[in-house]
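Taken from TrEMBL, the feature active site, tele-AMP-histidine intermediate applies to His320. The feature ATP binding site is assigned by TrEMBL to Gln104. The feature domain 'RNA 3'-terminal phosphate cyclase' is assigned by TrEMBL to 13-338. Residues or ranges marked as domain 'RNA 3'-terminal phosphate cyclase insert' by TrEMBL: 184-285.
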Amino acid sequence: MDGDRVEIDGGIMEGGGQILRVSTALSCLLGLPVRVRRIRAGRNQPGLRPQHLSGLEIVRDLCDGKLNGGEIGSTEITFTPGKIKGGTHIADTKTAGSVCLLMQVAMPCVLFAASPSELHLKGGTNAEMAPQIDYTVMVFKPIVEKFNFTFNCDIKRRGYYPQGGGEVVVQMSPVKELSPINLTERGTVTKIYGRAFVAGALPIKLAKDMSAAAVRCIRKEIRDLYINIQPVREPDDQAIGTGSGIIIVAETSTGCLLAGSSLGKRGKNSDKVGIEAAEMLLKNLKHGGTVDDSLQDQLIIFMALAKGVSRVKSGPITLHTQTAIHFAEQLTKAKFTVTKSEEEDPSNDTYIIECQGMGMINPNL
């Protein structure tokens, strides 16, 4: 089958785990064997980490595929997909590796399975260098469901760095095809809300401090809106380890959701955590796009699979997004164009990401 195998260079552009996630998910969906070389060559510790390996293993299990080179530290894998089936699947990073990144690789696959799926994803729920589970539930879920599917995400337990131990159960039913999305009207911000959390050994006062600092920071720019950031202490029986963080979401009149988030860590002042999240939110609001920096690249694979033309207005295109587009185009027949948005306000740095999707049809339905 060597002639039919697609060669993927995992070291170009963003050079991280995302290349692996996009290419193995598309390999699984399209029935295309792939070889990924120079895995995570752009990282200071190249090769597969536990989280990437767990992601590969769940996709392999979802479709009875064959995976060669699947061990920690490996810089080359070959993956030969089989037929996608539903049912219950477990992925456990056994570290604080992000459950949200496991979801990113598995979710597109199970949408085109033969029957409903239940994914038990274990690891870190609020981890560095990945979306927090709160972001996935509060922002990613309502927006990605505009492609015309729904899923349920139940946070059983939260887990933090370094030991992880969190668990999220995702349930979804397959679809015949995905509809395109059109997210080009920002509208005006109508509400700002969020949650500041502590867990384990940390006092609720830290959550209150994060929340108050975030509100003060946002107030300097946005004066007339009620801001509701709830301080929460995670119940001890629903959280493993000690952690803290905050997520703040702005909702607009057209249903757009943009967010800023930050995680606490030892020696980091709680005010600083709140201010970081607030500044990230304000930066995402400033560019005038309908999606924030974290959502931008997560929508690319769905745009590529959908039937018809999807359009999303975004701020400056991130390297993650450019990378996702590159590999989506390499593996599917989807065509992307990115153009500078013709804004009334020239100071806005906005772009239109347009995609003529490949119109993937679920062969099992």
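Yeah, the Cβs are placed from backbone N, Cα and C, and that goes for glycine too.
Those TrEMBL annotations? Automatic predictions, nothing curated.
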With DSSP, how much of the domain 'RNA 3'-terminal phosphate cyclase insert' (184-285) is helix, how much strand and how much coil, in residues?
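Summed by class, the stretch gives 35 helix, 37 strand, 30 coil.
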Determine the minimum-neighbour residue: among Gln104, His320, listed as recorded positions, which Cβ has the fewest other Cβ atoms within 10 angstroms?
His320
Return the average pLDDT for the domain 'RNA 3'-terminal phosphate cyclase insert' (184-285) as a whole number.
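PLDDT averaged over the stretch: 97.
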Rounded to the nearest angstrom, how far is the Cα of Gln104 (ATP binding site) from the Cα of the residue listed as 'active site, tele-AMP-histidine intermediate'?
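Distance between the two Cα atoms comes out at 13 Å.
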